[in-house]
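What follows is a short report on a single structure.
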DNA sequence: TTCTATGATTTACT
DNA sequence: AGTAAATCATAGAA
């Protein structure tokens, strides 16, 4: 605290620079030549202080500190300082927020890497789902995989960030202590300390920026891999296709399975409900577009269901609960409508 | 390599 | 929300 009060305070009793030395310096014989010699000596000592060993330098420093001319020299330094500080001031003050950094921050926030952790990274999953426009309830395997990888990235990011912050604050306090220590021998304004701190922070934030950049890259790579995986098409098993086709052709007049039916089909085929929906969507449109092409297939499945029906009918009586007649043979171009199905 | 089949995605509509 | 229609992208056949 005592140091602080000393910062840049013109030494009491000392007015202007070299010309007004403390009175007792003049009692040194009052010889101008001798005084010049004296100052020259001191300056010489200061200049050569770096050439000495540490112990010598410490001793010298102490000696200089106690020198009777020290206050005068100190005040000179203060004055010089005051002038230079004035010229520095204003040159660098404003710190415009880096657009690049803001972009990175925004992206990390959007991806759920930075910002508050929401229950098990669901924010990230939601963000991914929203970004890809996919239905959020399927692809659970990929989703969990993606989430796991993302939370890993998140973890690394945060631990690194913490490390940087710790290092930064450690370094800052170290430098501040150093400056405070130095303020015993040279005048250091609080402004200067502030400046130094901001320089340090800038340096560290540029390192942080690198971290953010590489984190963003990692997320991008993960994202693209994830999306690629989703886009990668795997044909359904023969058996699954058979089950779906069976349903489709036996419900040809109304090939719109209910939610329950879809679930059942999904279970039978080992695929998701939205895959079933996709399949029926594709099938309807493709069948409608080119009925002729599907004729053979239709006949095949019609015969199949008919055969199945007869075996069941044998025991049950009239027609099985197949809701529509699998009008085998000539397929009239059915005109599907989502609400009142066939027209 | 090209072509076709097919699962997934996108867009627009109701 | 569910669908039609167009489109994308890849698997698998030729």
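All residue numbers here begin at 1 and follow the chain in the order shown.
Positions of Cβ are set from backbone N, Cα and C atoms, glycine also.
As recorded in TrEMBL, the features of this protein are as follows:
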| type | residues | note |
| --- | --- | --- |
| DNA_BIND | A:229-291 | DNA-binding region |
| COMPBIAS | A:123-135 | compositional bias 'Low complexity' |
| COMPBIAS | A:313-328 | compositional bias 'Polar residues' |
| DOMAIN | A:34-228 | domain 'PBC' |
| DOMAIN | A:227-290 | domain 'Homeobox' |
| REGION | A:1-37 | region 'Disordered' |
| REGION | A:113-142 | region 'Disordered' |
| REGION | A:313-343 | region 'Disordered' |
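Residue counts for the domain 'Homeobox' (A:227-290) by DSSP state, with H, G and I taken as helix and E and B as strand, are 46 helix, 0 strand, 18 coil. Looking just at the domain 'Homeobox' (A:227-290), the mean pLDDT is 91.
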